[in-house]
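Asks: Please find one structure pasted underneath; my questions will follow.
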Amino acid sequence: MKKEVKIVTVGDGLIGKTTLLMTYYTNEFNTRVYSSFDSEYLNPLTVIINDDVIEISLWENDGFDSDGVYKESPPFIKYQPNHINVFLLLFSISDRDSFNNCLTKWNFEIKQNYPSIPVVLCGIKTDLREEENLVYKNSIDNSHFISFSEGVNMANEIDAVGYYECSSLKKKGLSELFDVLAIVGYSNILTKKKDKIKFKNNNNNNNYNENNQNISDTENNDNNNNNNNNNNNNNNNNNNNNNNNNNNNNNNNNNENNNNSYKNHNNKTTNKCKIS
């Protein structure tokens, strides 16, 4: 059975989301500026994790409305929940606004509209923070970069599955990131299937209990009817016994009458003899 995971990337505009997706998809870093990642014309990628083959589809939430204007008010995410298995929430480690918006803007909307979908937080452009990659090794202040520990704290605050960092330029950390996304997304699918199975089982149990209750009620009614019939039979038997007793009494009375008649007859006969 095919295992498919849909990954939706969200985050502020112009921070390198599309470049990250294209670098991972093509395995090449391109300095071309992309407006957005059009996944409609791209085939899903296959990743193999512990002998499990998972197909991942990459989708970018570009944040633009139908007129091509960047949206300034919610909803910022355009996809329906049934089209998403996991969110990849991105910020640039050189852009503190994009970092802060992970909490105040993107996480807020995810929790409001997609509460059951897991989130993986990732800081990109880590090459800018590495001393050897500073432009011409000029003295650039590192303090304005988002540190790794800040990223971890943010992940904990928004209840993300984890925090990761990567560099599109160096192609560093990309494979590990998307392997995690594939695992998290597929785990979410399995959880939803288990919940559906539990729901079906609960319904079946309720129907079974209702049927059993109906059967019990029917059996109780039958038993009550049988008891009533038995009582009626007993009453009839009692009546029959009473009738028999009455008959016996009548017979006894008849016998007494016969005896009296016989005695009277004997007396008459005796008297007759005496007269003669």
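In case you wondered, yes, glycine gets a Cβ from its N, Cα and C as well.
It should be emphasised that the depicted structure is a prediction, and the values quoted were computed from it without experimental measurement.
Reproduced below are the annotations present in Swiss-Prot:
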BINDING   11-18, 60-64, 124-127  GTP binding site
MOTIF     34-42  motif 'Effector region'
COMPBIAS  200-270  compositional bias 'Low complexity'
LIPID     C273  S-geranylgeranyl cysteine
MOD_RES   C273  cysteine methyl ester
Asks: Among the binding-site residues N61, T126, point out the residue whose Cβ has the most other Cβ atoms within 10 Å, with all shown protein chains included in the count.
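Replies: Compared across N61, T126, the most Cβ atoms within 10 Å surround T126.
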Asks: What does DSSP say about K17 (GTP binding site): helix, strand or coil?
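Replies: K17 (GTP binding site) sits in a helix per DSSP.
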Asks: Can you count the other CB atoms that lie within 10 A of the CB of K17 (GTP binding site)?
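Replies: There are 28 of them.
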